[in-house]
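> The structure's right below; bear with me while I get my questions together.
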């Protein structure tokens, strides 16, 4: 059995990973007025790819022949997920963006199951989404484009999971992520250059972009690897279900984003759906 110390360290690592990811997203959102979401995404994935190459040295285990297809699709999903998410939170609060995006991995978990019980979790998730759908008559209505972009980011997240499993069978986890991030950078950096131009190279921007890359990719990935060594998959998944709430808190503390009672209820419904899916699947197995 794992010692209590190791388990608590793993739990702390997961929580810290979620905090760093959402802190990175909050910093990224502050870059939007300077270089826009596309420019911010370009710098994030570009610096992240560089950091991951230095840490994992993927040139030692490159895919061969047709195996590159899985890596390219995985990287495209990774890049699309990042770009669409940043485009979304430029229009809607961070916590709501994460809750909507979270429907992607939840859909993967539910659609790969054949149990009637999962209809409850589907209903909870749909209820949360319906509560967030924009009321066009409200002054404080959510931007409908932002909502659709967040859901599209969730679809990319689902693809990231599915194709990440295939790509992950070809090399170690760290090497797979490094190669996928490189593919994402290959098509997102040119988009960012076209969108933001020379502003990408401003000394006002570069330090913040490096911080976003470290907080959103390199550091949380390392922390999650520590956690996965000590925690069972069920416990890890349950803790990750808290991410929408942590995102909402990060948005409040770092960006002064206030959510309504209805929006908090929607986030809690999505979290409940994720928790229910994880716990019920574990009991069945």
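Just so you know, the numbers here start at 1 and follow the chain as drawn.
Glycine is treated like the rest: Cβ placed from N, Cα and C.
Remember, TrEMBL labels are computer predictions, not curated facts.
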> Of 175-195, 238-258, which range does TrEMBL call transmembrane segment?
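Per TrEMBL, the stretch marked transmembrane segment is 175-195.
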> Considering only the recorded stretches 68-88, 145-163, 175-195, 201-223, state which has the highest number of Cβ pairs under 8 Å to the transmembrane segment (34-56).
175-195
> Going by DSSP assignments with H, G and I as helix and E and B as strand, what are the residue counts for the domain 'EamA' (146-276)?
114 helix, 0 strand, 17 coil
